[in-house]
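These come from TrEMBL:
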- His216, His276, His347, His563: Fe cation binding site (BINDING)
Amino acid sequence: MQGLLFRFTRILRENLFAFQLILFTADKKSKAKRNIRHFTDVHGLPSIEKMVSSVEETPEPISCFITGTIPDWIKGNFLRNGPGKFEIGNQRFNHWFDGMALLHQFKISNGQVTYKSRFLSSDSYQSNQERNRIVVSEFGTVTMPDPCKNFFQRFLSRFELPKPSDNANVSFVTYKGDYYVSTETNIMHKLDPETLQSTGKVDWSKFIAVNGATAHPHTEPDGTTYNMGNSYTPKGAYYNIIRVPGGKPVEGETLEGASVLCSIRSSEKTKPCYYHSFAMSENYVVFIEQPIKMDLLKIATGKLTGKSISDGVSWEPKSNTVFHLIHKDTGKVSPVKYLAKALSTFHQINAFEEGGFLIVDMCASDDGRAITNYQVQNLRKSGEALDEVYNTLCRVFPRRFVLPLNIDSQTPFNQNLIHLPNVTATCLRISTNKVFCTHEDLHGEELHHYGGLEFPQINYDKYNTRPYRYFYGCGFRHLVGDTLIKMDLNGKSMKVWEHAGLYPSEPVFVPSPDATEEDDGVILSVVITPNKDKSTFLLVLDAKSFEELGRASVSVNIPYGFHGAFTLSV
């Protein structure tokens, strides 16, 4: 992106008329009335403001108070990532995704738990702290010129290239057995999971020609890891499938040996789609090109117009969703494009191959504007204003798409190509290299009562890329998860853990050492309540019965976060 942004910036610096035109256009569009659609009619949502408020770090471990029983066999660190600081000096971040990364560790051993947390010492965090103001732009927050500069300096600073943030506040990921914290820019931080301290900054662009990568890579049993990242060239934007080898011949290696398996050109030259993750089966990477578009011109000129990256993201529901299949061994992209109506997906559940079909399960909705609605000011609203935010967000539900792999000249047109038993998804060949797909719901009516499902997790080590039966997630009767749900694909039944006023985070499955069945193990989730001070706890559920085994209460406040991982102690 840096090269493309440089070209845009140079043009604008040389042509002030273009600058004035952009400002006029942006102002004109900002006055246009937005057609707001209501998807639900919920009233009386409780305030969750305290769950998205800044907290202090707890760098030294503190003991947790145990209620019930924490199984003795759980030995390791439950790591969590998410925003923990929403203000710098007298300036505030605008979007939930912008808060400074706060890393959490629940150390579990012999039925006891300790907790500690540490702010990621990123360049963004340190620069902000040193200057006591927001210096680095984030997804929903654009920096303003330094007030200490004179007028001319402030004016010219609006033409400077935006500095990519290294505020890695999304997830914990692994490459070659090492842990990293990641966001969606080109910079990750290698992390010591014991101390929560960064041991080095790693830039994807130093190894391969990509500008960033997702925070949701997929790892195979041999350690080979796949990811996706964009690149921006004079010919337009490209989506790149990345492969990182699992071996580490030299101690201290990071992304050495990473390669771009293939590149897929964006359907629009300067408006690639936004994607948060992707799917992977045994033989294929599945990239879902959804009609959530990123306008590179708007993003590149954000400092000129005072607009953030989120202002350059738009939902285009008249466009189809396209599934791209990339063979992992050859890097070849299937000439067949699998189309579906416009949908929005942040997280996929699983993907596997069966009987000549590739089955892709995901959490999806029919509207793609949710990403721009999660502004901090929205999350901190109360009363009717809070209800309004929730009711304008489309619910997310688990869906299954079934993609036929063997499309050739003999494949018939305009008839359902799916012949798997008990599958209601359809796929029609509509032209030589295009098929149109409809999904099957992976849930019954009961899930509607719980507001849909997000943050899906499975027994990843044993069942990723394979046929599976269970997945876990959060129900969303609020702007954040308010229940934990276990879905059983046999009969599409579900089990629920819920308590009024408690808001559980993403459930993480940890298998028991002697597991013989898919759901032998526990579910770990950090549960937060905005109603009481210092009332957060780590919840442990029996994954099979979905009954509570125990909880470890923490005597400090923790904000609602994004993603986590469990690391076994050696």
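Any Cβ shown, glycine's included, is placed from N, Cα and C.
For the recorded Fe cation site, residues His216, His276, His347, His563 set the reference point as the centre of their Cβ atoms, and the other residues of that chain within 8 Å of it by Cβ are Val170, Ser171, Thr214, Ala215, Ser277, Phe346. Counting Cβ atoms from all protein chains shown, His276 (Fe cation binding site) has 19 others lying within 10 Å of its own Cβ. Taking Cβ-Cβ distances under 8 Å and a sequence separation of 6 or more, the neighbours of His347 (Fe cation binding site) in its chain are His216, His276, Ser277, Met362, Cys363, Glu454, Phe455, Pro456. His216 (Fe cation binding site) has a Cβ environment of 20 other Cβ atoms inside 10 Å.
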